[in-house]
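As annotated by TrEMBL, transmembrane segment applies to A:41-61, A:81-100, A:112-134, A:146-164, A:191-207, A:219-238, A:270-294, A:306-326, A:338-356.
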């Protein structure tokens, strides 16, 4: 039978949810809580408000230029050289995110469950799984996300329901934590926690109809922001401002707090399995998208063979930082700060250039 | 690789059997000699021939056939006796058989004799007559032994093509049900019949199947079990890509959904293409049972699927790496039972799993009278004695028994192997890295399955990718609410149930 495109809204929804939504379960809350303290749950709202207009603008441009993916759009608007350069820059930042985030996940797995195992070996296993799965192609990644999503989200909301009784709601006060200014600044600086939204646009034309992409990304975006705020709020009301910035892995921390009836008292491994699935899925999607961007920038149509070198390189660079603290608090923090302006601004640049060239007036 | 193909091709052209397309001559003597030589008359004991002089035209005639595959009474009643006794003006008005074909060369003669026909030569005529008197022996229609059902028809296919087609036609009264046939095999030619409903089937899939049948290049393909391996897509994959069933009612229900079924002589089963994961997961009885009962069965089977692939691996993973997860009482019970066992846990699990596989394999091969031995050896030696000798702990016996027992709930023979092999992969993964390894292995396994296609149809469709379908995947809808045919096959007519409002 002929090949046909099968991805629809539901797969896009699942991709967005898995790619961005897992942020509440890694070290992002710990990172944000360093400055935001008990009001850190508001940071994603600010970030979202900052980044979503840019994303909508990008979607608008993609819609206007029809049947172009991210890199093709950049080229079309900015010309060959500048388009490709900007594409390459996006690739570098996204790849750096992949490398240091994956190290971050490996550290979480190691510290929480396999303290005696060498980082390198866990990294190899982790990357091997990601590589073999990513190799199956974008459609399969989409289906798997969709099939896996209900299970993963079931586990997540079960966790939220079980932890609810531990919450002390007065802990959200003072409502703005250490000040409105800090929250806003942090929100703006860390907008790039949502940068994966932009990466997904490389797959704009891979869907059955581009409207599925748009619809999926809107629903997914809203769901993700709801989920992130819910969990950040839960962390705030459970840990309070004193301990929140000292806890490195709040998600895993709360899985230790809960029990399921009197008999099952240590069920963190249960949640760890679903967290692992979500984590694997996130990096599978990320690796695939990044390789895709690279392929598009350098006109490599058959980019799937590149997955292996990229996975290998990510593994090798990922093990360089000496420990989790350096990786998280210095490199990743810096990376988020650097990538924010670029990701927030480039859709505007595109829009202005397109406007000046008069290409948006056609209809 | 290329080099290899080239070589293989060359070898094939050389070994092709010699063609025998000599034309039939008008001299009876020549024809008789030639055919006797072709079939090694005299050495070949069941190759028979009979000379006679026909009464109606007083000409000499010779009749050739294999006595072992024809109906002797029919030859006497419908050919020899009329020829000797009856009057008439030409042959077709003399012999009293239902099919009489004229053939022109010896190639055809050979083919016809091999497929159970009698060939009649006549002096002075350069054609031969082929008369269908075939009577191959086969088993009578029996009960479906391997896919048994409590509620539902009990008939199973048997090793005769015609009987099998009749079993299918009995169920599908549709003039569009086509039985097409192709010959496979270079030396011993066998007939492959594929059945489809022509106004449902997707032509791409049909043409793909025909192409694969044409591409078979081998001496002989005796039955569908072998044919499956010639036309499947991924010979080395752990997932099957063709469905194999012995139930005609299942075949009929597939036909009505736009699938193609393949039948051959010598097989008490048919092949169904294309497949999805769900074909292997479902049993036909799920549909015969009422909505709730059928879905309960499905739920049990899904659970069995999970248990059989995962329970041993989970046990290894949790007790080795995440023992904090176990409730203290359970942990103590496990530790206490393992106290005197000398082996590491994973080794213990492997011993039991391998032992179970051995019992299973031996149980299939063992001659019937010796059957009970297996029970004694299995239960006493492996279960009780091994525990008493402190080779394995009692809990492992339970775990292995559950994982073995649940594998029988996965009835389909092909997917059953997939599941059993998968179990060992998962045990190895969990033994190396606990739940992390297991989750990784599962994800790789699952995504590999999701990427498979059988004749262009994705393995987990119509669930993912989504298609309009009867909604018969993990669970099924009430039969009345099934509106569509499986859309993942892109059938010509998607709607199963006519909407009463539309017309």
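Using N, Cα and C of the backbone, Cβ positions are placed for all residues, glycine too.
Note that the structure is a prediction, hence the values are computed from the model and not measured.
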Do at least three CB pairs under 8 A connect the transmembrane segment (A:338-356) and the transmembrane segment (A:306-326), leaving out pairs fewer than 6 apart in sequence?
no
Residues of the same chain, at least six outside the transmembrane segment (A:338-356), with any C-beta under 8 angstroms of its C-beta?
50-51, 54-55, 57-58, 60-61, 64, 73-74, 77-78, 86, 89-90, 93, 97, 188-192, 195, 198
Among A:191-207, A:219-238, A:270-294, which stretch has the highest count of C-beta pairs below 8 Å with the transmembrane segment (A:81-100)?
A:270-294
The transmembrane segment (A:270-294) and the transmembrane segment (A:112-134): do they have three or more Cβ pairs under 8 Å, with pairs 6 or more apart in sequence?
yes
Using a Cβ cut-off under 8 Å, which residues of the same chain at least 6 positions beyond either end of the transmembrane segment (A:270-294) come close to it?
15, 18-19, 21-22, 25-26, 70-71, 87, 90-91, 94-95, 97-98, 101-102, 105, 109, 112-113, 126, 129-131, 133-134, 138, 141, 144-145, 148, 151-152, 155-156, 159, 196, 199-200, 202-203, 251-252, 255, 300, 303-304, 306-307, 310-311, 314
Look over the recorded stretches A:41-61, A:191-207, A:219-238 and say which has the most C-beta pairs under 8 A to the transmembrane segment (A:146-164).
A:219-238
Could you give the residue numbers and ranges of same-chain residues that sit at least 6 residues beyond the transmembrane segment (A:219-238) on either side and whose C-beta is under 8 angstroms from one of its C-beta atoms?
9, 12-17, 20-21, 23-25, 29, 32-33, 38-41, 43-45, 48, 52, 55, 156, 160, 163-164, 166-169, 171-172, 197, 244, 250-251, 254, 257
